[in-house]
């Protein structure tokens, strides 16, 4: 039973690491493209900023969903019931 709990914690940690890495890469690409497009067409900067914040919220949602799934696996582990 301890091996299942250990594997679940390691899996949840890997899930959180990949979600954080993906979110960081997404924010970096988003910020770079926003600055590039704002420099190219400054008159569209306010419209682009609104769209950038919407996409940033969606990117952040990916990490929050990963946190929720990890907490589910850590505290309400569905795999332990298979052992009993």
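A Cβ is built for glycine as well, from the same backbone N, Cα and C atoms used for every other residue.
As the structure is a computational prediction, the values presented were derived from the model and not from experiment.
Feature annotations, reproduced from Swiss-Prot:
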- 9-29: transmembrane segment (TRANSMEM)
- 54-74: transmembrane segment (TRANSMEM)
- 60: site 'Reversibly protonated during proton transport' (SITE)
Outside the transmembrane segment (9-29), at least 6 residues beyond either end, the same-chain residues with a Cβ under 8 Å of its Cβ set are 56, 59-60, 62-63, 65-67, 69-70, 73-74
Simplified to three states, DSSP reports residue 60 (site 'Reversibly protonated during proton transport') as helix
